[in-house]
Amino acid sequence: MVNRRKISIIGAGHTGGTLAFILAQKELGDIVLIERQQSEGMAKGKALDILESGPIWGFDTSVHGSVNIEDIKDSDIVVMTAGIPRKSGMTREELVQTNEQIVRETALQIATYAPHSIIIVLTNPVDVMTYTAFKASGFPKERIIGQSGILDAARYRTFIAQELNVSVKDVNGFVLGGHGDTMLPLINNTHINGIPVKHLISEEKIDQIVERTRKGGAEIVALLGQGSAYYAPATAIYETIDAIFNDRKRLLPSIAYLEGEYGCSDICFGVPTIIGYQGIEKIIEVDMNNDEYQQLQHSAQAVSEVKNSLKFK
């Protein structure tokens with residue numbers, strides 16, 4: 001009997017459901033959508049809806065919705081999207097503390113039922129939640145991946161392509177640091193099919209693109225009026241899973257646990273990584289000028305301040 005690859009998605013909201021649909025079409029593995037008891041219908045309904053699209057799209061992926069965490073058993077990858085969004089009147093500290101508890105409990109359950117899996121974290125604030133999952137699960141650092149960098153870089157590349165009226169496929173650029181206002185798009189490493197972006201766009205316009213990238217999530221929230229982005233975040237997670245299952249050795253920005261890289265230790269935030277079958281197989285340190293390095297340290301400090309507000313055992 002052939003062992004089919006298994007992907008469990010904890011949280012069947014917009015992002016989790018969209019990711020399940022993408023993965024099903026790509027036939028990367030069988031899928032389990034996990035939700036809370038009170039949201040059983042959402043998990044099972046979305047799973048069935050995706051399953052029923054199989055004859056049209058032409059895929060044979062198994063998609064199962066459940067409220068039983070034990071159904072993640074023997075998963076190869078577990079994606080953690082569970083958590084609450086920031087509500088009106090809620091402080092950032094309250095959001096962090098609430099989601100930290102959710103992620104901590106979930107990571108312990110993953111360690112129990114899927115001890116050999118790779119965990120991909122999307123719950124916000126994602127840098128600190130990735131650190132929480134790392135500490136709570138006890139997994140080796142290469143099997144804990146936070147994802148924001150692919151999303152942030154995709155936004156950055158999109159805005160550059162729009163400004164230049166060129167194909168987004170020809171825009172290459174990386175975004176490092178924390179997911180938020182302190183993220184660092186590497187302008188000096190941004191090229192359009194080999195041509196440095198600084199040769200094509202004014203410094204003022206580049207600064208505007210960088211600022212728009214940093215506010216990219218908030219821009220979507222404002223436009224939607226309710227909820228947040230989910231198509232692009234789900235696609236970013238898909239790209240990571242594809243790199244793992246196909247051992248592609250992709251150079252992708254990921255949130256990783258650092259032990260001295262970029263002058264940072266005991267922290268998780270976005271850096272260039274090689275993603276393959278083992279998860280994060282290598283962290284790549286790129287050359288930076290002094291200004292970029294100082295901005296990255298500022299970003300690390302911002303992430304550390306949130307992390308230090310929590311108590312880790």
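Placement of Cβ uses the backbone N, Cα and C atoms for every residue, glycine included.
The Cβ of T15 (NAD(+) binding site) has T81, L122, Y230, P233, A234, I237 as same-chain neighbours under 8 Å, each 6 or more residues away in sequence. The feature NAD(+) binding site is assigned by Swiss-Prot to G11, A12, G13, H14, T15, G16, N99, L122, T123, N124, with sequence analysis given as support.
The annotation substrate binding site is assigned in Swiss-Prot to R86, R92, N124, R155. All protein chains shown were included, and the count of other CB atoms within 10 Å of the CB of R155 (substrate binding site) stands at 24.
There are 26 other Cβ atoms within 10 Å of the Cβ belonging to H179 (active site, proton acceptor). DSSP assigns H179 (active site, proton acceptor) to coil in the three-state reduction, outside any helix or strand. The feature active site, proton acceptor is assigned by Swiss-Prot to H179, with sequence analysis given as support.
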If the NAD(+) binders are G11, A12, G13, H14, T15, G16, N99, L122, T123, N124 per the record, what's the largest distance between their Cα atoms, in Å? 17
State the three-class DSSP label for G13 (NAD(+) binding site), counting H, G and I as helix, E and B as strand, and everything else as coil. coil
Taking the Cα atoms as reference points, how far is N124 (substrate binding site) from N99 (NAD(+) binding site) in Å? 7
Once DSSP output is merged into helix, strand and coil, T123 (NAD(+) binding site) belongs to coil
CB contacts under 8 angstroms to N99 (NAD(+) binding site), restricted to the same chain and 6+ apart in sequence, sorted by sequence, are G83, I84, T123, N124, P125, M129
When the binding-site residues G11, G13 are compared by other Cβ atoms within 10 Å, fewest goes to G13
In the structure shown, which of the binding-site residues T123, N124 has the fewest Cβ neighbours within 10 Å? N124
